[in-house]
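Trainee: Handing you a structure now.
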Amino acid sequence: MSTNVTLLIVMGVLFAVGIYLLLERSLTRVLLGIVVLGNGVNLLILASGGRRGEAPLYEADLGAEEYSDPLPQALILTAIVITFAVTAFMLGMIYRSWAISRADVVADDDEDLRVSQQSTFDFEEDSPVPEDTTEFDGDEIQPDTIQETGPRA
Amino acid sequence: MIDAPLSAVSFAPLAVALPIFGAALAFIMRRKRRTQITVTISVLVITLCLEIWMLATVWGGGTYAVTLGGWAPPFGISMVVDGFSAFMLVVSSVVCLAVLLYATSQGMADGDEDGPVSIFHPAYLILVAGVSNAFLAGDLFNLYVGFEILLTASYVLLTLGGTVARIRAGTTYVVVSVLSSMLFLISIGMIYAATGTVNMADLSLKLAEIAPGTQTVLHVMLLVAFGIKAAVFPLSFWLPDSYPTAPAPVTAVFAGLLTKVGVYAIIRTETLLFPGNKFSTALLVVAGLTMLVGILGAVAQTDIKRMLSFTLTSHIGFLIFGVAVGNQLAMGATVYYVAHHIVVQTSLFLVAGLIERRAGTSNIDRLGSLAKLSPLLGMLFFIPAINLGGIPPFSGFLGKLGLVQGGAEMGTPLAWVLIAVSLLTSLLTLLTIARIWNRAFWRKAEDAVDPDPLLLVGVGAKRGATYDIVADEPGSKYSDRGDSALLPKGMLAMTGALVLVGVALTVFAGPLFDFSDRAAEQLLNPGHYIEAVLGSTEGNSP
């Protein structure tokens, strides 16, 4: 299978630019990265169809090898539509993010930060059990003592 | 090829077309809430009936292909129904229906008449269509389209309402999903360049003929793309970050289905596209790490939804373990375990939604008294929870037993290590479950650090002056009024129904294991699949 070198180089540039933008923290750049990367992938699929040939409309006197391969183009068309939908959705999301918090960055996960900062000591599980609070060693059970711990809220 | 059993299978495209059509209808009806709900539920019920019919057709064995548009197989789009795909379709539709009814009940209880919820039903149906399409796809590009349909719907569902937290979680999710889809698309392009076809049956024959180095590249690319979707370590970081913020029904259905579609694709890759289990060692290592890292993450968390998200990624490891072992025993157990895990994980997330509703929080440090406030909720949590932990005689135990037996049959040192890791993971799962149980259900709310007032209403009423009167009456005025408003009957009923489905997986484990064994036999002999797709030159479009 022969490949078009220009196509190959353009594809490489698109991939490089796309991945660079994807690694940014700004959402708009991430989106641009996705768009550029998507176009790189489309070129890759186009290149996978092999050399160009005649339009794939049946003509009686043309051999099967003379036509260009129509399938990659159909695949690209589908991929373009999908990228379009995702781009539209992401634009909406970025706009929403901007509208509610004036932020255009990929934020950290608060819960993750909290978990990573929590101390290893857990009050309930790790505190030493006082020996004299068990209900079973006394002569009588005293439910009232249990009730005394009122709500702290 | 017009014989009797084919009749059900030739309706297979409807499993995709019906929900899409229903979504359009539901979208038109967005101003009429009741009609919209009716449309969505009836479409799902019809789809489910159709899928049960298809499953009945392939129950005894047999693989059938439907060719769309009358194009001959390697060129046209095929949909393939075999034991595994039909089983996955039925399980996913059952879960989707239960979650939809739960969500509907929640919406009715809250009385939200307008707002972004009107998009919930159409997006949900599109999600169902995408899942069905992925399970039925006999064509790599159609699988990609199926993934995209379900992902696009999932973006909408995950960011429903557009609050700060959901937009933040949605960003990670969307970017990671888009990236995995790009990788998948690149693999498709490369596979097409190498073989000149995207039909999976045709690929199964042609991929074997290309150079081994190229095969490895294509194989790894596909596994990475599907690994992100299935949340396999080290590609699972996005999942616990993004799932917990969504509304409870959405998280539940995502947890149940979306990762399993990725696992489904991995299983097809390993059995059909690249048979021979070449990456067994790598997959075993990855499976072990997925289990361990996932469950250790769960142990560190304090939020029930996040803990469940981590157990979800952890238990994906069991499925990958089954695929990596790859003998009939393990593959059969994997098929069974997928169904078990979909049902159990979804039920647990639905219960987590109920807990959050009843208690106002899902942070276990602030929970307590739930077993007393709502014993039914306790039951609904307890059964799927110990099922997940793998306590006999539940389906989790049976599935794990099958996987361990499969691993033992493989017998390599690494397989034994994996068996040990899987047992350790089960134990740690139990620890996580016990932590939730002890804190949220057994201890008194007063003992919590900062208990939610909602938890103290019922208990508080039993203290002080009214103590003697209310003490021993579980159905007292206070708890009664609290429960019916906080825990709508419909939500409880649907969670209960799903828990019962989980129990049914245990009760009917015998026939199900026989069936999953047959499905595994089909998976491990791609000849059936190839013959079904390429053998039928005649189009069978409905």
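Placed from the backbone N, Cα and C atoms, the Cβ positions cover glycine too.
Sequence annotations record features per position, and here TrEMBL assigns domain 'NADH:quinone oxidoreductase/Mrp antiporter transmembrane' to B:137-423. Annotation source TrEMBL lists transmembrane segment at B:6-29, B:41-64, B:84-103, B:115-135, B:173-196, B:216-239, B:246-267, B:307-329, B:335-355, B:376-394, B:414-434, B:491-513 (among others).
Looking at the shown structure, can you explain where the listed features end up?
Mentor: Tertiary neighbourhood of the transmembrane segment (B:115-135): same-chain residues 15-20, 22-24, 26-27, 30-31, 33, 36-37, 39-40, 43-44, 47, 51, 85, 88-89, 92-93, 96, 100, 103, 107, 142-143, 145-154, 156-157, 160-162, 253, 257-258, 261, 264-265, selected by CB-CB distance under 8 Å and a gap of 6+ residues from either end.
Remote same-chain partners of the transmembrane segment (B:173-196), defined as residues 6 or more beyond its termini with a Cβ less than 8 Å from a stretch Cβ, comprise 140-141, 144, 147-148, 151, 154-155, 158, 202-203, 206-207, 210, 214, 217-218, 221-222, 224-226, 228-229, 238, 241-242.
Sequence-remote contacts of a segment are chain residues at least 6 beyond its ends whose Cβ falls under 8 Å from one of its Cβ atoms, and for the transmembrane segment (B:216-239) they are 147, 172-173, 176-177, 179-181, 183-184, 186-187, 190-191, 194, 207, 258-263, 265-266, 269, 273-274, 278-279, 286-287, 289-290, 293-294, 309, 312-313, 316-317, 319-320.
Outside the transmembrane segment (B:246-267), and at least 6 residues removed from its termini, the chain residues within Cβ reach (under 8 Å) are 84-85, 88, 92, 95-96, 99-100, 102-103, 106, 124, 127, 131, 134-135, 143, 146-147, 150, 154, 157-158, 160-161, 166, 169, 222-223, 226-232, 239, 305, 308-309, 312-313, 316, 319-320, 323, 331, 334, 338, 341-343, 345-347, 349-350, 352-354, 356-357, 523.
Same-chain residues lying 6+ beyond the ends of the transmembrane segment (B:414-434) with a Cβ under 8 Å from its Cβ atoms: 281, 284-285, 287-288, 291-292, 294-296, 298-299, 307, 311, 314-315, 317-318, 321, 324-325, 385-386, 388-391, 400, 403-404, 407-408.
Within the same chain, residues 94-95, 98-99, 101-102, 105-106, 109, 332, 336, 339-340, 343-344, 346-347, 350-351, 353-354, 357, 376-377, 380, 383-384, 387, 393-395, 398, 402 sit at least 6 positions outside the transmembrane segment (B:491-513) and bring their C-beta atoms closer than 8 Å to a C-beta of that stretch.
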Trainee: Taking a Cβ cut-off under 8 Å, which residues six or more beyond the ends of the transmembrane segment (B:376-394) line up next to it in the same chain?
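Mentor: Beyond its ends, the transmembrane segment (B:376-394) has Cβ neighbours at 311, 315, 340, 344-345, 347-348, 351, 354-355, 358, 370, 400, 426, 429-430, 433, 436-437, 440-441, 487, 492, 495-496, 499, 502-503, 506.
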Trainee: Using a Cβ cut-off under 8 Å, which residues of the same chain at least 6 positions beyond either end of the transmembrane segment (B:335-355) come close to it?
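Mentor: For the transmembrane segment (B:335-355), the nonlocal Cβ contacts are 83-84, 87-88, 91-92, 94-95, 98-99, 102, 106, 247-249, 251-253, 255-257, 260, 263-264, 304-305, 308, 311-312, 315, 318-319, 322, 362, 367, 370, 377, 380-381, 384-385, 387-388, 395-396, 398-400, 402-403, 440, 487, 491-492, 494-495, 498-499, 501-502, 505, 509, 512-513, 516, 519-520, 523.
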